[in-house]
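Asker: Dropping the structure in here first, questions after.
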Amino acid sequence: LVSTQESSPALDAVVQERILPLLKSCITDRSWRVRWTVGSNFGSLARYDLSDSYISLATDTESEVRIAALTQLCMVANEGNRDKIVALCEKAMEDVNDKVRGELAGGITGLGSVMGKELTRDKLLPIMLKLLRDEDSEVRLRLISGLGKLSAVIGVGLLSSSLLPSIMDLAADKTWRVRLAIISEIPRLASDLGVGFFDSKFCGLCLAWLSDDCASIRAAAAGNLALLTKLFGEGWMLERIMPTIQELRSNRSYLRRLTCLVSAGRIAEEVGEGAVRDHILPVVVGMAGDPVPNIRFNVAKTLRDVGKRAGKEHFEDKVAPVMEAMKDDEDR
């Protein structure tokens, strides 16, 4: 009855007189599992004036109950209880339980539409900044993953000026999953910030990720370059990315050279035939004689995929002979 989307005076009267008193008694039940159940479903009560009951669950003595209640944060928040929700967030960010802070981090970025730009800027941003620097990597990860919701409310200018220092720090976070989360946010930030701001603040960072010690980061960075090329165009790619790709081609580390091949293959998907023929294929073909068999193997795979993007005539004249010669490679 409480969770139904349908409403009528008669139904509301039944809920107010009989159901809500029962639910309120459950909120103070001695069994934490009962309180947890109410907290986990509190969003269905959002249309009723139960803010104090929600705050009680979100500050419960049992951490599991607090976590459950915070999963409902965005559904419960409204214009009438904004001050109470802000106070709750300020308290939850200091919670000793990292799972509680993590649930707050996962929900707080979605509060902007209710809080409005001014309240988000003055009250929520300081909380988010602290969560971005939380000692627990999962908390940082949850906050990063929700940044997209925030920019729509406060604008990318305020977002970048407020959170940019923390984002830059997290780009070098010791936890690779946090770095990966930052990478996943880069294309959206790039789209919002524009090429000028991106080049001055993030471009070098994106290129540095190609040399990260974690293979997953290097692979994600290569994919990012393709997305950025699609966003900013072929000319931008030739000016900003290709010099680094050329450097990686002759890097002493075979892993970096492998990243060069992966990047070339991904970027080739987003540029025209001329750029593939004149800039990307020469890099790949030039690595056909690499001393590491695994590199030569990946050169062959990359040539097969990228070569076709250079046009049939160029493929037959320049790529096919190289692939034919690689059939006689000494490593079998």
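Glycine residues also receive a Cβ, built from the backbone N, Cα and C atoms like all the rest.
Automatic prediction, not curation, is the source of TrEMBL annotations.
The feature domain 'Phosphatase 2A Regulatory Subunit A helical' is assigned by TrEMBL to 13-244. Positions annotated as repeat 'HEAT' by TrEMBL: 124-162, 163-201, 280-318.
Would you situate these features in the structure and describe their surroundings?
Answerer: A Cβ distance under 8 Å defines the sequence-distant neighbours of the repeat 'HEAT' (124-162), meaning residues of its chain 6+ beyond its ends; these are 86, 89-90, 93, 98, 101-113, 115-117, 169-170, 173, 175, 177-178, 181-182, 184-185, 188-189, 192-193, 197, 201.
Confidence across the repeat 'HEAT' (163-201), taken as the mean pLDDT and rounded to a whole number, stands at 85.
Within the chain, the repeat 'HEAT' (280-318) has long-range Cβ neighbours (under 8 A, six or more residues past its boundaries) at 245-246, 249, 254, 257-258, 260-262, 264-265, 267-269, 271, 273, 325-326, 329, 331.
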